[in-house]
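Structure first, commentary second.
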Amino acid sequence: MESCNCIEPQWPPDDLLMKYQYISDFFIALAYFSIPLELIYFVKKSAVFPYRWVLVQFGAFIVLCGATHLINLWTFTVHSRTVASVMTTAKVLTAAVSCITALMLVHIIPDLLSVKTRELFLKNKAAELDREMGLIRTQEETGRHVRMLTHEIRSTLDRHTILKTTLVELGRTLALEECALWMPTRTGLELQLSYTLRQQNPVGYTVPIHHPVINQVFSSNRAVKISPNCPVARLRPAGKYMPGEVVAVRVPLLHLSNFRINDWPELSTKRYALMVLMLPSDSARQWHVHELELVEVVADQVAVALSHAAILEESMRARDLLMEQNVALDLARREAETAIRARNDFLAVMNHEMRTPMHAIIALSSLLQETELTPEQRLMVETVLKSSNLLATLINDVLDLSRLEDGSLQLDLGTFNLYAVFREVLNLIKPIASVKKLHVSLNLAPDLPEYAVGDEKRLMQTILNIVGNAVKFSKEGSISITAFLAKLDTLRDSKAPEFLPVLSDNHFYLRVQVKDSGSGINPLDIPKLFTKFAQNQSTGTRNSGGSGLGLAICKRFVNLMEGHIWIESEGLGKGCTAILIVKLGMPERVNESKLPYKPKMPTNHGQTAFPGLKVLVMDENGVSRMVTKGLLLHLGCDVTMVGSSDECLRLVSHEHKVVFMDICVPGIDSYGITTRIHEKFTKRHERPLLVALTGNTDKVTKENCMRAGMDGLILKPVSLDKMRSVLTDLLEHRVFFEAI
């Protein structure tokens, strides 16, 4: 029993406590040393950490604590058991807490670092936003000032008001001591002080435009700070304070090329004005960026407003000039209209007044020609009749020319027999040619159409005029008339580039050549032949008669027919050739119903009288009335004459077959008389035929006659043969309208 084996502990209790304290001090020291190492690592890895010195101090404290415990390993002494137990427990707990803290710092410190970094980032962002908000507020303020200044500047388009307003508003907005504007002189070599903020009438201040400071400002589009001692800045009186900062900016002026402002320089190149702004002398103010921007923007707005003002000034001046020109043009137009009305009235009166005596001369001459005359008397009567016809032709030419010039003459298109036109021209010209013993030949091409669409009267008048000239200026020899279809290669004339013919299926070009063996023409005088009232004096034809209107009218007729006319001659004594080309239409089919007027029936010389035909003649002119009566009496008619419309309405009856009335009688409404006669005779076969006698060649007259219900119209003068033909057509066809 006494011999039982007891196992004694390997370490005594006191030594075991000491061992625990020793191990605890080691781990405490290890934990203390690891914490600063961790802090150093994370501080090194972090880009930004705000508490570097605090961490250094905390690390130093931890290191010292660890060093203290580490040193304590070599300073152990024997304590009482109670003290040893307490120290062991405390050190074990301290070692555990220190190790746990060291391990926790590994996870906590990165989070703390990220929080601090985020906080610093947010602070930087907040500061940046504050700066941006300040810039925005500055820009808004600058914009508000710009809008206010722009509104004030551009509220008027007077350049003096614009510039003065600019200086006043800039001075008020920026609290300036002085603000001035220098404008270039007319020579462009100097700048002249034109406007200031404080001085009322600045005069006499000029600065050379090539001054270095001015060149510096003009070479930049920004506001430039300049020295207060610069010539353009020495505007304020010297004082005891240092002068404030000065800024200058250029103001572009309108580039003028066609404009010319009254008292501005003539700007052929780009020029600038100079605006100078001065801060007060008794303050320490400096120019801020937003103020400089405000000045630059205002300078641009002033440039725009000045350009608008310059354009307005020029446009106002141009408007005044245009108004003056319009007044002058309106006066000239009224004078021209008055002259045209006077000319038309004169022509209308002269047309009637000249044709009325011509009617008497030609009618009485034709009546006299029908009587028994001696050869000498017949020759005199024929001479009078030819001279009268020549005078009638001159009257027609003058009237046609006036209507051609004012554009009132139009072609009377219709289907006609082209061959008959040439035969009639030949029949009219042969008697005159036979007297001069000239041989006249007519050659019509086989492919020439028999019928064509055009103005028969104007075409015949043109051809007859050309052939008449050939007969007039030829003393001997022959005259040939050739007509054929013009081919495209023969249409072009190098002397007339404006004539551009175009061939088509519905039209053709007629070429007529009239060649004579007469006196010829100097080639230099040919262009004068188509000028009105101009005659060629080199041909020795001063006494050949004529007015110089024939070819001028022919040229206008040909132009109306989209053609061309010219004359060729090799010189004096070698004859000449007149050539005309006119455009005519191709009829769809030959049908007499499409003819514009009834074809004239050949005169039946066997029927020389209309015995018992009762005719009523109304004419205010006694001579004309007697002449018309003489023609009708010679034809065997029973004639009643009246001089007024009332008398005509009272005497007209169903026994009268024809009523001739002069529609150009002043104070008589011939169209109204026609209507009343229609009302008087309700049955058409009982109503007499109403025929207008007129000297007016206006186409409107014919239309009015047809509209009023007249059955015919004839132009004065009227010969015996013409009256016989008219009565024949009226009695056979009950209608006769002479072409106008």
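Using the three backbone atoms N, Cα and C, a Cβ is placed for every residue, glycine included.
TrEMBL labels come from automatic prediction, so no person has curated them.
Per TrEMBL, the features are as follows:
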type	residues	note
BINDING	Cys65, His69	Cu cation binding site
BINDING	Asn469, Ala470, Val471, Lys472, Asp516, Lys532, Ser547, Leu551	ADP binding site
CROSSLNK	Lys716	ubiquitin cross-link
DOMAIN	349-586	domain 'Histidine kinase'
DOMAIN	614-731	domain 'Response regulatory'
MOD_RES	Asp662	4-aspartylphosphate
TRANSMEM	20-41	transmembrane segment
TRANSMEM	53-72	transmembrane segment
TRANSMEM	92-113	transmembrane segment
### Task
Helix, strand, coil: count each for the residues of the domain 'Response regulatory' (614-731), based on DSSP.
56 helix, 25 strand, 37 coil
### Summary
Same chain, |i - j| six or more, Cβ under 8 Å of Asp662 (4-aspartylphosphate); the result in sequence order is Met618, Asp619, Glu620, Asn621, Ser624, Ser670, Ala692, Leu693, Thr694
### Query
Which entry in the list of binding-site residues, Ala470, Val471, Leu551, has its Cβ near the fewest other Cβ atoms, using 10 Å as the limit?
Val471
### Task
Among all chains shown, work out which of the recorded positions Lys472, Lys716 has the most CB atoms within 10 A of its CB.
Lys716
## Note on the structure
Looking only at the domain 'Response regulatory' (614-731), mean pLDDT returns 83
### Query
Hey, how far is Lys716 (ubiquitin cross-link) from Leu551 (ADP binding site), Cα to Cα, in Å?
24
### Message
Same chain only, sequence gap of 6 or more: which residues have a CB within under 8 Å of the CB of Cys65 (Cu cation binding site)?
### Response
Tyr32
